[in-house]
Amino acid sequence: MTMPLAINENSKVTLDAAAWAFNIVTSVGIIMVNKALMATYGFSFATTLTGLHFAATTLMTLVLRWMGHIQSSHLPPSEILKFILFANFSIVGMNVSLMWNSVGFYQIAKLSMIPVSCFLEVVLDKMRYSRATKLSILLVLLGVAICTVTDMSVNAKGFIAAFVAVWATALQQYYVHYLQRKYALGSFNLLGHTAPAQAASLLLLGPFVDYCLTNKTVGAYPYTSTSVFFIILSCTIAIGTNLSQFICIGRFSAVTFQVLGHMKTILVLTLGFLFFGKDGLNLQVVLGMVIAIMGMIWYGNASSKPGGTETQNLSSPNPKPQKQNGLLESSELDEKV
């Protein structure tokens with residue numbers, strides 16, 4: 001009995017590492033491509049571009065379903081509507097927050113997603129965190145704040161936009177975890193249900209939102225073969241980004257996704273210094289990166305120990321066993337797909 005258990009544990013560790021690597025590579029890749037697309041070629045229509053991302057993801061799910069790689073499943077329209085509301089308020093809220101706030105306050109708002117996600121898991125899932133886990137999260141927040149937060153200015157409408165964006169993002173990520181658990185959906189299945197609605201709503205509202213934010217229209221943009229290539233490349237990478245996000249949140253939790261997700265922040269900063277110049281690179285930034293990475297390593301170690309993170313089920317006398325930091329059902333479904 002010991003040998004199969006050891007093999008299963010090794011397999012889980014390998015799949016977990018592969019999921020994180022997939023998410024990090026696609027997320028960092030799409031950030032670098034979008035940075036080139038917007039900064040170099042002036043395509044500033046972020047909401048419309050996100051709609052195109054989900055349109056490409058929808059096409060991928062339709063092809064996989066046609067090929068028989070995605071099994072039929074059911075998700076009530078009311079659940080899809082709630083998910084789309086959270087997700088779209090998150091996307092639009094983040095874009096508006098970045099426009100109305102300083103970069104420093106925008107980064108603070110992004111960092112606050114971790115405590116908000118912790119609050120949701122404590123209240124809704126009765127999650128308990130050990131002292132070491134809490135301290136490791138604080139260390140990650142401190143490190144990322146040191147290397148990313150510079151100027152700090154805020155106004156009333158910017159604060160409201162950031163507040164809406166943070167809570168919508170935390171709720172959307174929690175809902176990914178919740179829907180996979182409640183309806184036994186794999187990542188492909190959940191994307192198949194939500195991506196078409198997100199694509200339709202963002203492509204419908206995106207041009208209007210982008211016009212309000214940039215005072216420019218998508219149709220008036222001077223498209224060239226190079227800019228179209230970068231748009232297609234961005235959409236292609238976005239398929240992997242969307243899928244890997246659902247896989248990671250399903251295998252772990254929204255909090256773990258947020259904490260370890262700051263590794264992407266560190267990588268983006270590093271790659272930015274390598275490819276776009278070393279402006280802004282100083283001892284403070286390097287120190288912040290080191291502290292954040294130490295916090296991530298500590299979090300991974302603390303949360304994996306018994307009692308690091310655990311769910312208390314107070315309503316059922318015989319709760320189903322759950323894997324720590326993840327979901328048994330969604331992980332198995334993704335491995336089967």
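Cβ coordinates come from backbone N, Cα and C, glycine included.
The following features are taken from TrEMBL:
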- 306-328: compositional bias 'Polar residues' (COMPBIAS)
- 26-299: domain 'Sugar phosphate transporter' (DOMAIN)
- 306-337: region 'Disordered' (REGION)
- 12-33: transmembrane segment (TRANSMEM)
- 45-68: transmembrane segment (TRANSMEM)
- 80-98: transmembrane segment (TRANSMEM)
- 135-152: transmembrane segment (TRANSMEM)
- 158-176: transmembrane segment (TRANSMEM)
- 188-208: transmembrane segment (TRANSMEM)
- 220-240: transmembrane segment (TRANSMEM)
- 252-275: transmembrane segment (TRANSMEM)
- 281-299: transmembrane segment (TRANSMEM)
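Using a Cβ-Cβ cut-off under 8 Å and counting only residues 6 or more beyond its ends in the same chain, the transmembrane segment (12-33) has close neighbours at 230, 233-234, 237-238, 240-241, 244-245, 247-248, 251-252, 260-261, 263-264, 267-268, 271, 275, 323, 331, 335.
Of the candidate ranges 45-68, 188-208, 220-240, 252-275, 281-299, 252-275 contributes the most Cβ pairs within a distance under 8 Å of the transmembrane segment (158-176). When the stretches 45-68, 80-98, 188-208, 220-240, 281-299 are ranked by Cβ pairs under 8 Å to the transmembrane segment (252-275), first place goes to 281-299. Beyond the ends of the transmembrane segment (80-98), by six or more residues, the same chain brings 46-47, 50, 106, 109, 158, 161-162, 164-166, 168-169, 171-172, 175-176, 179, 193-194, 197-198, 201-202, 205, 209, 213 to within a C-beta distance below 8 angstroms of the stretch.
A Cβ distance under 8 Å defines the sequence-distant neighbours of the transmembrane segment (220-240), meaning residues of its chain 6+ beyond its ends; these are 22, 25-26, 29-30, 33-34, 36-37, 41-43, 45, 49, 52-57, 60.
For the domain 'Sugar phosphate transporter' (26-299), the predicted model reports an average pLDDT of 87.
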